[in-house]
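Participant: Okay, so TrEMBL annotates it like this:
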- 1-23: region 'Disordered' (REGION)
- 48-66: transmembrane segment (TRANSMEM)
- 98-119: transmembrane segment (TRANSMEM)
- 131-155: transmembrane segment (TRANSMEM)
- 191-211: transmembrane segment (TRANSMEM)
- 223-245: transmembrane segment (TRANSMEM)
Amino acid sequence: MPASSSSRTRSRPKPPPAPEAPLAAEVLSRPGPFGAAVAASGVPPWHYWPAVALAALLSGLSYALLLRPGVNLAAEAARAGGQAAQFTPPLLTHVGNAFGNVFLTVLTFGVMWGLGRLATKAASPSPAVPVPQVFAATFTLPILLNVLVLALIFLTPATAWALDAGQVAAAQGQPLLLQRAALAAAAQTPAALALIAASLLGTAAQCVLAVRALRGLTPRAVWVGLLALLPALGLQLLGLAPLLLARAAS
């Protein structure tokens, strides 16, 4: 009997392996099947975090490069006027501009994750609904949009950021006034408009993709998107506030 029992144990078929997780970019072309495939694969919440990290880095780089001419102009004016010691070094300003948008992008993902889980908790108390995985994968869209924004920044001629003689005279050599004037000029460039549109419309599109991906997994998929949408848009508006205010004032 022991030998027979051990032979039955050896002959018992192994359970089939879990299917492989789909690529993050697949959420853009087939969100419904993507959500089902992610749920079936059982991947951990951090599986698609590289997409969030890359989107955050590109967002910070886009914003810093857009404001770079104004920061450099103000730094040159400070050096010419002997005020360099009282002015923040341009490298630190560039890093600060980039880090601010990196932080807001990561915070946006955290808000999407937290509020998305909150929306599904009533109908699906178990963690089986892959809310963080789906939202993380949707950050492939900001990656593509920020690549386009970066291309537009590099294709924009330097004259688009240049200040005219009247703006330079009005600043009276003050670095901060020059920086504000340069920010107003940068806010009028096509690259700035593209960055604003990519940030706001891209965030809304991410929530739509998440709803479509989760629709077959939870009856509260629409609430997932709605709860995440407004706070996420608020964070994007916070990051874009200097550009939006400069654009409105000029």
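Placed from the backbone N, Cα and C atoms, the Cβ positions cover glycine too.
Can you tell me where each of these features sits in the structure?
Facilitator: Outside the transmembrane segment (48-66) by six or more residues, the chain places 24, 94-95, 97-106, 109, 133, 136-137, 139-140, 142-143, 146-147, 149-150, 153, 186, 189, 191-192, 195, 199, 239, 243 with a CB less than 8 A from a CB of the stretch.
For the transmembrane segment (131-155), same-chain residues at least 6 beyond its ends with a Cβ under 8 Å from one of its own Cβ atoms are 24-28, 34-35, 38, 43, 45-49, 51-52, 54-55, 58-59, 61-62, 65-66, 105, 109, 112-113, 116-117, 120, 190-191, 194-195, 198-199, 202-203, 205-206, 209-210, 213-214, 224, 228.
Under 8 Å from some Cβ of the transmembrane segment (223-245) lie the Cβ atoms of residues 63, 66-67, 100-101, 104, 107-108, 111-112, 115-116, 118-120, 131, 135, 183, 186-187, 192, 195-196, 199-200, 203-204, 206-208, 210-211, 214, all in the same chain and six or more residues away from its ends.
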Participant: By Cβ distance under 8 Å, which residues at least 6 away from the ends of the transmembrane segment (191-211) in the same chain are close to it?
Facilitator: 27-28, 31, 59, 62-63, 66, 108, 112, 116, 131, 134-135, 138-139, 141-142, 145-146, 148-149, 152-153, 156, 221-222, 224-226, 228-229, 232-233, 236-237, 239-240, 243-244, 247
